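Copied over from Swiss-Prot:
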type    : residues                                                                                          : note
BINDING : Ser56, Thr57, Arg58, Thr59, Gln83, Arg107, His134, Pro135, Thr136, Gln137, Cys274, Leu275, Arg320 : carbamoyl phosphate binding site
BINDING : Asn168, Asp232, Ser236, Met237                                                                    : L-ornithine binding site
Amino acid sequence: MSGFYHKHFLKLLDFTPAELNSLLQLAAKLKADKKSGKEEAKLTGKNIALIFEKDSTRTRCSFEVAAYDQGARVTYLGPSGSQIGHKESIKDTARVLGRMYDGIQYRGYGQEIAETLAEYAGVPVWNGLTNEFHPTQLLADLLTMQEHLPGKAFNEMTLVYAGDARNNMGNSMLEAAALTGLDLRLVAPQACWPEAALVTECRALAQQNGGNITLTEDVAKGVEGADFIYTDVWVSMGEAKEKWAERIALLRDYQVNSKMMQLTGNPEVKFLHCLPAFHDDQTTLGKKMAEEFGLHGGMEVTDEVFESAASIVFDQAENRMHTIKAVMVATLSK
C-alpha cells in the first residue's frame, strides 16, 4: 500500500472511496492473519508516540496491541505526561517527537492540534479522537458492518445514528457516508444536528456514491428499514451537572430501546455503540443518572438492547485494534 506511505490519518475526507476501501481490506486481512497465526510483522524497529490528552481504554489498548503485534515499540504520554501546549508549543513538540519517533497518535481536543502536529512532525500523525472527528472509530464501525452484512455493499446499507449528532461521532459518520454511499439517517432533535456546511458537503458526495444523508426528528420515520442503529453517550463526568438535566430532557425520546428496534421492521437489525455505554446502574455515572433522573436500566440505550443478540458492540471494540493496525501498517511500511 505504497500510496499510504507517510500519509497522515486525520479525518476520513482526506481519503478517496477507493483508499478507504483499501484500508478496510487491509484490516480484514490483518485480522484474519492474526487469528490464523500467520501475521507478519511489518513494523519491526519502529517507535510510536501515543499522546493522550484525554484518557481512553479502547484507543490506547488498540494502538498498543496493534503496535506490539507488528513489532513496534510505543511510548505512552498521558494527560500529565507531556508539556504539549502548556510549557511547550504544539509546533515544538511535533518537531521534537518527529526526531525520535516514526509515528505519532494524538487523542485530545481541537482538530487544529492534530493538524499542527502533522504539519511539523515530519512523520505520520494519526487522529485517535478530537473534538471534531473520530476517524479510527468509523473505520472499526465500517469493518464491523461489512462483517455482519457480507452480502451487501455499503450503498445498500442503512445506518441510523440516534441521539446527539453534533459531536465528533456525528461528523465522522457524515464523512463515512460521503465516501461509502451509505443511507445515513441522523435521528436527533434539531438542536443536536451537525453543522449545516458539513452536512451539505457530505450529502453531495454520498449521493455521488449511491447513498443519501437524512436528518430528522421523527424516530419512527428515521429508523424504518434500518440495518444498524447506533448511539453514543449523552453526558460525561466532565460536564457540569446542570447540563445533565438539559441533555436528558432533550434526548430521552431518542433512547435506543426495544420499541425503537422494533420500529425498524427489520428482525435482523443490529445495535452499535462506540463505548463506553451507560446501559445499567453499574457505573458511577450510571448510578447517578438512575438516582437523579430515574434512568434505571440504561440511559442512551437500555440494558435489554445492549445485552441482546442484536448487539455487536464488542465486535466493534475488537475491530478498533485491527483497523488501527491497518492504518499504522499502511502509513509506516512501504
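Placed from the backbone N, Cα and C atoms, the Cβ positions cover glycine too.
Its Cβ placed at the centre, Arg58 (carbamoyl phosphate binding site) has 20 other Cβ atoms within 10 Å.
According to its DSSP assignment, Ser56 (carbamoyl phosphate binding site) is coil. Straight-line distance linking the Cα atoms of Ser56 (carbamoyl phosphate binding site) and Asn168 (L-ornithine binding site), rounded to a whole number, equals 15 Å.
Non-local contacts of Asp232 (L-ornithine binding site) by the CB criterion (under 8 A, 6+ apart in sequence, same chain) comprise Gly163, Asp164, Asn167, Met169, His273, Cys274, Glu300. Counted within 10 Å of its Cβ, the other Cβ atoms near Thr136 (carbamoyl phosphate binding site) come to 26, all protein chains included. The C-beta environment of Asn168 (L-ornithine binding site), restricted to residues of the same chain at least 6 apart in sequence and closer than 8 Å, consists of Leu129, Thr130, Asn131, Glu132, Phe133, His134. Cys274 (carbamoyl phosphate binding site) falls outside any helix or strand according to DSSP and counts as coil. Taking Cβ-Cβ distances under 8 Å and a sequence separation of 6 or more, the neighbours of Arg320 (carbamoyl phosphate binding site) in its chain are Arg58, Thr59, Ser62, Thr136, Gln137, Ala140.
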